[in-house]
């Protein structure tokens with residue numbers, strides 16, 4: 001008659017012993033968590049997220065679009081070779097569009113280096129490029145004589161300004177929040193089996 005309670009106690013004690021204690025879970029969980037984080041970072045190094053890739057494509061579009069507009073402006077003014085020599089070799093801040101093209105190249109190099117090659121997860125690089133672009137274009141519009149040179153005096157500065165701020169909005173409100181949300185969901189899904197087992201073993 002006493003064997004049944006004894007067997008029940010042995011079964012209960014063996015099931016309790018099979019469950020990790022709180023001390024064991026706390027001692028193992030950080031190492032496992034770090035291993036999962038490292039594996040996650042290893043996967044991130046192999047490729048970038050879709051939203052970051054879209055951002056890099058838009059930065060490339062920014063450079064190509066400004067370049068196309070500048071080439072059209074060179075043709076409109078009387079030929080690429082003649083106007084190119086006038087705007088580059090005989091550069092004049094008040095009448096040349098060459099500096100707006102260089103500004104687009106500057107944005108492209110900084111943003112691709114920061115967010116495609118270095119995989120930066122902060123807004124300081126885009127804030128720097130947008131601040132430089134805004135300050136330069138505002139100064140050029142106020143000081144220079146671009147508005148007296150036809151439609152391109154309005155088009156190039158305005159489009160360059162708008163594209164820079166669209167890049168800032170897209171990174172700050174789309175890329176960084178979405179990547180942070182994906183990383184948090186990945187870590188929570190990795191930790192959910194451990195938490196479930198802990199809850200079952202220690203009601």
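Cβ atoms are placed via backbone N, Cα and C, with glycine included.
The domain 'MENTAL' annotation in TrEMBL covers 48-203. Mean pLDDT for the domain 'MENTAL' (48-203) in this predicted model: 88.
Per TrEMBL, the feature region 'Disordered' maps to 1-21.
Annotated transmembrane segment per TrEMBL: 55-76 (among others), in sequence order.
Per TrEMBL, transmembrane segment is recorded for 96-116 (among others). Beyond the ends of the transmembrane segment (96-116), by six or more residues, the same chain brings 48, 52, 55-56, 59-60, 62-63, 66-67, 70, 73, 86-88, 125-126, 128-129, 132-133, 136-137, 140, 146, 152, 156-157, 160, 164, 167, 171, 175 to within a C-beta distance below 8 angstroms of the stretch.
A Cβ distance under 8 Å defines the sequence-distant neighbours of the transmembrane segment (123-145), meaning residues of its chain 6+ beyond its ends; these are 93-95, 99-100, 103, 106-107, 110-111, 114-115, 157, 160-161, 164-165, 167-168, 171-172, 176. Annotation comment: TrEMBL describes 123-145 (among others) as transmembrane segment.
As annotated by TrEMBL, transmembrane segment applies to 151-171 (among others). Long-range contacts of the transmembrane segment (151-171) within the same chain, counting only residues at least 6 positions beyond its ends with a Cβ under 8 Å from a Cβ of the stretch, are 54-55, 58-59, 62, 65-66, 69-70, 72-73, 76, 97, 100, 103-104, 107, 111, 115, 123, 126-127, 129-130, 133-134, 137, 140-141.
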